[in-house]
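Taking it in order: structure first as structure tokens, then the write-up.
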Amino acid sequence: MDSLVWSALVFVMLPQAADAEETSLLDGWHEIWLFRFVLNLLGYSTIIVPGYLLISYFRRTNYLERGSGVCYPVVKACVFGSEDKTSLLDSASASSRTDGDSGSSFKQAVKLIFCAAGLQASYLTWGVLQERVMTRSYGATTPEEGEERFTDSQFLVFMNRILALTVAGVWCLMFKQPRHGAPMYKYSFASLSNIMSSWCQYEALKFISFPTQVLAKASKVIPVMLMGKIVSQKSYEYWEYFTALLISVGVSMFLLSSSEDKHPSTVTTFSGIIILVGYIVFDSFTSNWQDNLFKYKMSSVQMMFGVNMFSCLFTVGSLLEQGAFFDSLAFMMRHSEFAFHAVLLSVCSACGQLFIFYTINQFGAAVFTIIMTLRQAFAILLSCFLYGHAVTIVGGLGIAVVFLALFLRVYARSRMKSSRRPAGATQKV
């Protein structure tokens, strides 16, 4: 009789144990950042692959000449654009955008100060909120519940992009924009790299401290230069390579010194370094691709709209396929403080993107990177003050080396521009 009872108990509990084991195994896989990364890419591929096949079909069948009907304007705008090469017309304006006009140096200085101030205000607030959301728990709503930590980086990327898309769309409707010429699909390249860099940025905070992440961003001057040579065939001076080397030395000093501190909030792991490398590579490609796209006649807000439209499409598709979209909404409903932080984070991101595109349009990707890097010093100080991160003497020296290199870049660039002005004036005479 006893053996029969035990057999019945085993029979009843075995499926439940198997289900529990399967659930815990799935949860265990979701804890691995590489698994989440691949899962996101698979979600994006369900949109990218059909889109690629459609674009290839329209180009192969010469749809631009033979097409007609209601869908023709949409297909033309998305696949072909106005490719009578306004870019040739804009080559001169692109050079004037990066070099500036010697007769309007005061206006250029005012624009530069405006861009720098806007980027500082937007992204200092954004950085504080980013660290709060990804590294701190949110309180329980009932005594039976424990504290929860939000873990889905992709949902935060979606929140940022949907608000930015709305702001750009309203702006384009309210203010007159230049006639759009670029094929819409070209925005998808910058969009994909942009959402991947943002995902890496959020995800890295699970493995490294915020000051480490911030200083690593300062070193992206190097991959921006490399991507500039690859994407835009740019050439750089010897002092640019020298200052890039100094930045690498400073970042290395900081990272090596931070490994001695084993406090959970400041420890740097191998996974964190890998994710940071991914962020730097993706972000460097984004800024250079956008700089290249500005060769078409478009405003910075049109660029913002095009990139964020594809970003929303990619992220919401991936979130729905993974079943994470409604889980994140439920988290927002449970924690009103998180909802406030997520919305404010998105507002700062949308404002920051307006300044990003405007700065790249006016001054180019390299100047934009220097402005953003100067912001990192304030972000490190603010994070250490608010969240108690410790910086060693060697780490402090590393930070000093990085910002010394940045000031050298600014000084050398200004000297080079001033030396070119007399030659330009002579040529005009």
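Even glycines carry a Cβ here, placed using N, Cα and C.
If you check TrEMBL, you get these features:
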- 1-20: signal peptide (SIGNAL)
- 36-58: transmembrane segment (TRANSMEM)
- 238-257: transmembrane segment (TRANSMEM)
- 263-282: transmembrane segment (TRANSMEM)
- 303-326: transmembrane segment (TRANSMEM)
- 338-358: transmembrane segment (TRANSMEM)
- 365-388: transmembrane segment (TRANSMEM)
- 394-412: transmembrane segment (TRANSMEM)
When counting Cβ pairs under 8 Å to the transmembrane segment (394-412), the leader among 238-257, 303-326, 338-358:
238-257
Considering only the recorded stretches 36-58, 238-257, 338-358, state which has the highest number of Cβ pairs under 8 Å to the transmembrane segment (303-326).
36-58
Same-chain Cβ contacts of the transmembrane segment (238-257) under 8 Å, 6 or more residues past its ends?
212, 215-216, 218-219, 221-222, 225, 268, 273, 391-395, 397-406, 408-409, 412
